[in-house]
């Protein structure tokens with residue numbers, strides 16, 4: 001028998017500045033299912049996480065609420081832990097990045113990088129708020145767009161016209177925090193020399209540690225050349241001060257991933273069988289997996305392994321990257337009620353409904369997952385209640401009534417039982433590969449076979465016939481054993497259902513190896529309902545409870561878009577005709593390293609190619625979703641040189657900004673290069 005594997009698993013750290021929602025839960029449920037499977041197999045799997053508790057946003061929110069940053073993060077952490085526990089996410093440790101373990105590790109890793117020559121310093125000029133006495137990130141500066149004149153725009157791009165610019169180009173800049181007019185001020189910043197690790201990263205990203213599509217996207221960034229990474233922020237800042245640099249603090253994204261190590265170190269202090277170096281040492285033979293969303297790949301696949309390499313630690317075995325959650329085919333929306341907080345869901349529905357639905361949809365790729373609420377109700381009611389639980393409810397009564405609750409050991413359908421046992425390796429392989437949807441399909445196919453066989457045997461009819469009682473017990477006994485097999489296969493997904501089934505079956509906690517055995521001459525406990533159907537009214541109530549901003553949406557037309565943004569002054573036809581609008585095909589769309597709001601679009605306009613930067617990242621967090629779409633493009637706008645490259649024109653979008661930006665598309669039949677008239 002092989003030695004148990006040593007596996008350390010993490011999920012991305014939720015930010016300690018807001019509530020957990022169903023999009024977050026996709027990742028934690030996915031990770032929890034995989035870890036539970038590993039533990040059922042007898043492996044030493046350890047699952048750690050923590051709240052990401054540093055940064056200006058936390059400091060400023062705490063200030064607004066009249067509490068300390070520590071009080072804020074403690075309250076949010078307690079809320080997060082309650083949500084996770086009620087969704088049956090079973091962390092071995094849930095810590096905080098604002099911990100002594102993280103302070104010590106962050107400082108030690110930084111000093112190792114510095115002493116090895118991987119840290120650089122240079123002055124950076126930024127806007128400074130003279131009232132708050134703090135430097136301002138781009139998102140904390142607002143002013144008038146230098147291109148279209150729209151007021152109240154952020155410091156790096158205009159949400160009205162899509163233009164991008166440096167904060168210093170804004171007209172009438174103001175601090176979004178205090179309203180004061182900022183001044184330019186120079187400050188010494190600290191940089192991690194990421195280019196030092198380019199060769200290692202090119203090799204590691206192609207080593208099998210990443211899904212192929214993720215590796216391909218990273219190759220584009222690597223081929224375009226890596227830049228040094230700014231790892232410092234100036235006081236005031238809520239975080240850890242950089243050693244030997246008074247008033248300078250680690251940028252939150254430096255100490256956040258180190259929080260994985262800190263949480264594990266905190267656990268090691270309580271569990272002597274765990275050795276920190278055995279999991280994190282340079283020559284560790286343990287496995288290390290990070291489950292993350294595709295929006296933070298660059299931090300985990302470039303900065304993080306480079307930091308670990310430079311500081312003498314091991315690199316991850318693999319990153320397991322997933323897509324985003326949509327609801328009913330659209331982005332989560334507060335106005336539609338589909339931006340559902342974890343607690344709101346829990347107030348209305350059983351967490352195992354969602355755990356199963358996510359499992360039934362999750363593959364090993366990075367595609368987005370859609371929570372279709374009608375399908376959600378139908379699938380849970382059909383699969384879990386109508387198939388799995390139905391087997392036990394059909395059979396248990398006959399065993400209690402006809403044999404005092406004792407399950408006999410007969411096997412009236414050896415081929416069916418063999419099919420269940422033979423399916424186990426394939427289901428295990430699907431779990432291991434994170435092909436949860438394949439595992440669920442195979443399990444439900446077995447449930448269908450079991451139900452069909454029981455219906456064919458019809459124990460309810462046999463029970464009415466003289467001399468058929470032994471057959472009734474044999475049929476129902478096998479039915480309960482098949483139900484037990486299904487519970488074993490579903491236990492990583494449905495731990496609460498499994499615990500209730502174990503109580504009914506009168507057995508110890510089931511392991512994966514138990515699928516090889518049968519219950520025989522075994523006393524069952526009285527059967528209790530294991531799961532109820534989803535009531536559509538409860539789903540509707542959850543959506544209603546999640547709706548926000550409906551009052552604004554229902555205002556009369558006099559308070560509509562034209563009032564918010566009046567029609568501009570008239571122009572003559574010649575002025576309009578001077579703007580050359582073309583149809584463009586988006587061949588490639590990608591993140592811009594170092595830019596909070598920009599996407600880089602490679603456009604085909606018929607006989608030419610164009611490169612455009614557009615401030616639409618907040619509305620399109622998955623850039624690849626735009627690839628292959630047609631859009632409207634201003635072809636004769638003068639090229640604009642930016643720090644990220646040259647933007648050759650502008651794509652057109654509508655909406656007030658933020659998540660509500662809508663890229664314009666032509667009707668079907670339009671072709672790249674055609675002029676809009």
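Quick reminder: no glycine exception, Cβ is built from N, Cα and C everywhere.
Among the residue ranges 3-13, 14-24, the one that Swiss-Prot annotates as motif ''HIGH' region' is 14-24.
Which of 321-325, 326-330, 331-335 counts as motif ''KMSKS' region' depends on Swiss-Prot, and there it is 331-335.
Under DSSP, the residues of the motif ''HIGH' region' (14-24) split into helix, strand and coil as follows: 3 helix, 2 strand, 6 coil. In the structure shown, the C-beta of 145 has more C-beta neighbours within 10 angstroms than that of any other entry among the binding-site residues 145, 161. Residue environment of residue 158 (Zn(2+) binding site) contains 22 other Cβ atoms, counted within 10 Å of its Cβ in all protein chains. Separating the Cα atoms of residue 145 (Zn(2+) binding site) and residue 334 (ATP binding site) is a whole-number distance of 28 Å. Broken down by DSSP into helix, strand and coil, the domain 'tRNA-binding' (575-677) contains 7 helix, 46 strand, 50 coil. Per-residue confidence over the domain 'tRNA-binding' (575-677) averages 85 (mean pLDDT, predicted model). Those residues of the chain, other than 145, 148, 158, 161, with a C-beta within 8 angstroms of the mean position of the Zn(2+) site C-beta atoms are 146, 147, 149, 150, 153, 159, 160, 162, 163. Across the structure, residue 148 (Zn(2+) binding site) and residue 334 (ATP binding site) place their CA atoms 29 angstrom apart.
The DSSP breakdown of the motif ''KMSKS' region' (331-335), given as helix, strand and coil counts, is 0 helix, 1 strand, 4 coil.
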